[in-house]
Every structure is written in structure tokens, then in C-alpha cells.
């Protein structure tokens, strides 16, 4: 078995940074180097102000940075010295060409594979840490086989991450499972054992699952698809609750007590966001289409459509309650991150770093099918529901005053003006209609309505009497995350428009 003493991680983002920081802390005899071509990002990792916000991450980094954890832009040197290389770069959804809007774009994965093949000598274990479509490892192997020097031997493993932003450090230190996929050859099994030995420093053996490579890759997509499906399922029921008089919270509790179902991911809201759910479900849809499984593709596509429907329904309710117009009306939007305890709003941005690893590609490989090469054009797909809701309201002429405790103003403005394959928003219009504030009370002054889009704990602790007095009347609250349910009666008593329409508190103000 190969003994892993040095690890290189290509990609200093939301996966690579926290994962390798925890590995370094838990394996003090292993030297871990996280590399990225983005100098600003590496500089931030080496500072007291990390490039991402994640509870507990700063303490982990501080405990081992400069000892056995290093952040560097010297990619080649880190690869050469490593026994094991994690590939932890972005796999965005394609914005053009075959599979546009659904298929994973593997150009960054390919760039990493070519770089590893070009500079490596000796024996290397190369590990997919990015979320990839099934059989993407075969693409990496093909590149290695076509470029392998006699001095380079390799094994390719799949080791998908199952982190939830906001709890990533807890998830890493106490995971539900660690999944490792590899070849069923003796060499492949030795590589699996080498990676398993790293995790066994702190993860019980019973929680480390080994499979073949393809099962590991598909398990990641399937896990996110199942979680997204549960959210869309309860959101579809919330729409039914509102027209029948049922309370979706009571329904969710009732069905969640069934041990065959369970209570997790049954919280009705404005829809799922984040870096993986939509991207991975769309990837699964495309995979099913490519493999001539149209019925399966349509099934998973509906999960995405319900999510979009829930966002639009929420936005439409806001407009309807504000007398069918929000033009020139001030709306306080509280929360822009896709969930609490993270500053993340979207997938991409900071991960566009591997564009310069290889300026052009002779082919692009998806599912081992060669496709015509094309230029490296980078887009970001919006993920946070706050972005969608903001854009719906901006299209109606609303004046948004946005507050989030962790998302920077520059990030918010960038997300609201970022073009997509189907639309482009005028930065001048966004600049005119959007104001970023650093105080939630300031955001609510003279506002017609408050819209809560992120479940930050602080929003349950605000002085709503003070807020009500400063707002225009009638004053509305639209709670897209149901964090104010316990305050519903109190808010009504204060004077907020918070009707009990059909006995449902899903949206205060409706």
C-alpha cells in the first residue's frame, strides 16, 4: 500500500480549503498543500481574514497553518511532491453547446488532469473531490493514458464531498459517511486503502464506504437529487395547503413522524439554493437524456420546475399583497446568502481560477464522448433564492434595500447584474434600484414591506415594534423561511399585516 505523506489539493474553494484544513489538523504527520492560481484567494487563506465564512474554520486553519498546512500558488511543485492529489475545482453547468443548462462542464477537471500528467513523476493517487457526472474518472484516465511518461504511474479514485455549508467543519469531523470509489484491480484497491488510511485517523471504519468508481460518482448526484426532491415535495404541498386551509408546518410534522419518511428536509420555504442541488439535479437530467431514459429525465426535471415555481409564487404573493404593484416602493430584503451561517450566494466566481491552466483544449470530454472544442467562457449560474426573488421584484420596479450579515455588497451587486445564457440585467438599473445597507433597521425604515429570504437567527431577535414604527403603513412582513412562526401573533398585535389566510402562516402578510 502507498503511504501518503504529502497531499496536494488543486482548488482553494469551499470544498478544497475546509476539507484539507481538517485533514491537516487530524493527520499531523501528513503535509497538506492547497494550491490555486488565484493569488488573492491564496493570500486570503494565509491571512486572518479567510476568503470564505464557515463556523469553526478559522480555528482549524490557525491550528496547523505553517506547520503541516500550506496555501500556495506554486501548483507544479505541489503536484510533483505529492503522493496524493485532490482535484477540487469547479464543475459548472454548461452555458452553451450540447447539454446547455444541464450538463456539467468539465473543462477545469480536464485542465487539472493535463497539468498533473505534464509535471508528475513516480506513483500518484489522483482523487476526484469535485462533483462530476458518472464515468468522469474515465476522462481523467484517458488523458493520463495519452500523456503518461514511463516514470509516471497513477490510480484515479472518486471521493465525493457531502458537506453542507454552514456546518462544513462539523460534517468533516463527524461525517455520516466517507465514500471512496476506485478500480477493482489490486492496484485500485491499494489506492483505496491508502486514502482510507487518511480518514481512519478520525473517522470510524464503519463509516467509510468503498465502491467502484462509477457507483461513487453517481451516489453524490443521487444524494443531492433526493434531498432536493424532498424540498420540492414539501413546497408543492405548501401550495396545496394554502388553497385548502391546511397548515404546511403541521402537515410536515405529521408525515415526518413516520420513521419511513423522517423529518429532515421537510421545511417549506422559498426553495432550495446553494452550490449543488440545482446543478446536480440538472446534471442528472442530462445524464438520463444522454442514456435514453426520457421518463427518468422528466421526473427529475420536475424537481427543478417546482423549485422555480415556488420562488415565482412567493414573489407574486408579495406583489399581490402590495396592491398589485411594487413600482418605486421600498422593500427591505433581509438575507441574501442561500442559507444561514455562510456568506455564499452562488456557485462559481471564486472558482474560475483554472482558466489559465491550459488556454485552449483540443477536446472537451463529457461522459467519454468527444465534443468540438470551444473557448473558455465563464458564467455563473444563480443559486440563492434571494437572487431570483430580487430579480423578480426588480423587474416590477421595486426599490430593494438589502441586508445580509455576511454577504459583501460587491458580491450582491455582482450577482444581481451577472448575465446568464437567457438574460442580462442592466447594471445601471440595478444600481439605481438596489441599496446595500449594513444595518437591518436602516433597511426597514420607510419600507412598505419586509421580505426575509435567509434564516439568520438574528432576524428572530430584531425589535419589531421599533421596525413597525419606522415603516410605512400598512406594514407587511413576508417570511420566506418560516422563522417567525412563533412570533406570528405578536407581530399581528404590533400592527403588521399578518393574516391567517386559510389558517396558514406560511407567509406573513398574506
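For all residues, glycine too, the Cβ spot is worked out from N, Cα and C.
Here's what TrEMBL has on this protein:
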type: BINDING; residues: 11-16, 36, 41, 89-93, 130-131, 165, 276-279, 382; note: NAD(+) binding site
type: BINDING; residues: 161-165, 220-224, 260, 267-273, 338-339, 481; note: substrate binding site
type: ACT_SITE; residues: 276; note: active site, nucleophile
type: DOMAIN; residues: 381-486; note: domain 'UDP-glucose/GDP-mannose dehydrogenase C-terminal'
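Overlay of TrEMBL annotations on the structure.
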residue : record                 : Cβ contacts under 8 Å, 6 or more apart
164     : substrate binding site : 171
221     : substrate binding site : 131, 133, 134, 280, 283, 284, 287
271     : substrate binding site : 231, 232, 235, 307, 308, 310, 311, 385, 388
Taking Cα-Cα distance, which of the binding-site residues 11, 14, 36, 90, 224, 338 are within 10 Å of residue 276 (active site, nucleophile)?
224
Within 10 Å of residue 278 (NAD(+) binding site) (Cα to Cα), which of the binding-site residues 161, 224, 268, 338 do you find?
224
Distance [Cα-Cα, Å, rounded] between residue 161 (substrate binding site) and residue 93 (NAD(+) binding site):
18
If you average pLDDT over the domain 'UDP-glucose/GDP-mannose dehydrogenase C-terminal' (381-486), what do you get?
90
Around the Cβ of residue 11 (NAD(+) binding site), the count of other Cβ atoms that are within 10 Å
29
Comparing the Cα of residue 224 (substrate binding site) with the Cα atoms of the binding-site residues 11, 14, 90, 165, the shortest distance belongs to 165
One should report the C-alpha separation between residue 36 (NAD(+) binding site) and residue 338 (substrate binding site), rounded to whole angstrom, as 25
Consider the binding-site residues 11, 14, 90, 93, 165 and say which one has the Cα lying nearest the Cα of residue 268 (substrate binding site).
165
For residue 90 (NAD(+) binding site) and residue 338 (substrate binding site), determine the Cα separation and express it in whole Å.
18
